[in-house]
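*Asks:* Dumping the structure here so I can ask a few things about it.
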Amino acid sequence: MFVVGLTGGIGSGKSTVADLFAAHGVSLVDTDLIAHRITAPHGMAMPPIAAEFGPAFVAADGSLERARMRELVFSDEGARKRLEAITHPLIRAQTKREQREAQGPYVIVVVPLLVESGSWKHRVNRVLTVDCSVETQIARVMSRNGFSRDQVLAIIARQATREARLAAADDVIDNDNAPLGTLKAQVDKQHRAYLSLAGA
Ligand code: ADP
């Protein structure tokens with residue numbers, strides 16, 4: 001199956017673009033959703049997380065104590081690595097499983113941190129970056145999540161730069177001030193190119 005890795009910074013419009021591809025019958029695999037599912041109650045990552053970090057990181061319902069873990073890995077790089085050593089292989093395995101089961105002419109895997117976690121680039125046939133300016137990201141995430149400007153800037157500072165994401169891209173969707181019609185036209189064109197690359 002031909003696999004497109006879709007990436008972009010927070011608020012760039014990954015979900016919006018992914019939905020436009022899905023409207024063409026393209027299968028989506030969302031690694032954020034998988035990450036959430038494996039740390040939900042009785043999720044596959046929960047026994048090893050409990051063993052590694054202790055019961056304080058497991059909520060009463062058996063899911064991850066997200067706020068506590070976020071706080072820990074924000075300030076402790078070693079802890080972040082230990083967490084990722086548990087979650088990343090599980091996310092990769094589940095992604096593969098969903099790719100295998102995918103219907104449609106090709107599959108789009110949404111990987112927010114594709115550029116940051118280098119190995120993803122080798123697991124996809126094409127990298128598609130959704131691009132917009134940092135100011136646009138800030139405005140969208142402030143409005144979508146109710147975050148302050150500083151909160152959004154702190155998240156952006158931890159992600160790859162706009163330039164790095166563009167450098168990693170085989171294809172780019174320009175989603176800076178793009179009205180929905182323009183965005184859809186770009187997706188339609190890219191979809192035709194992927195159909196042809198996928199041999200569909
Ligand atoms: P991501 O998945 O990359 O974080 P989203 O697709 O959720 O980004 O988009 C972030 C926010 O910006 C959402 O509220 C979305 O509706 C809005 N948005 C995305 N693209 C556009 C656009 N071209 N015009 C206006 N709003 C947009």
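Just so it is clear, glycine is given a Cβ too, placed from its N, Cα and C backbone atoms.
Automatic prediction, not curation, is the source of TrEMBL annotations.
Annotation comment: TrEMBL describes G11, S12, G13, K14, S15, T16 as ATP binding site.
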*Asks:* Would you mind listing, in sequence order, the residues at least six apart from S12 (ATP binding site) in the same chain with a Cβ closer than 8 Å to its Cβ?
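*Replies:* Correct list: V130, D131, C132, Q137, N175.
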*Asks:* What's the number of neighbouring CB atoms sitting within 10 A of the CB on S15 (ATP binding site)?
*Replies:* 17
*Asks:* If you count Cβ atoms within 10 Å of the Cβ of T16 (ATP binding site), leaving out that atom itself, what do you get?
*Replies:* 17
*Asks:* On the three-state reduction of DSSP, what should I expect for K14 (ATP binding site)?
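*Replies:* Assignment for K14 (ATP binding site) reads helix.
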*Asks:* Quick check: with G11, S12, G13, K14, S15, T16 left out, which same-chain residues have Cβ atoms within 8 Å of the centroid of the ATP site Cβ atoms?
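*Replies:* Near the ATP site, beyond G11, S12, G13, K14, S15, T16, sit G8, V17, V130, R140, N175.
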*Asks:* Using a Cβ-Cβ cut-off under 8 angstroms and a sequence gap of six or more, which residues of the chain neighbour G13 (ATP binding site)?
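*Replies:* The answer is V130, C132, R140, I173, N175, L183.
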*Asks:* Report, as a single number, how many Cβ atoms besides its own are within 10 Å of the Cβ of G11 (ATP binding site).
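*Replies:* Its Cβ has 25 other Cβ atoms within 10 Å.
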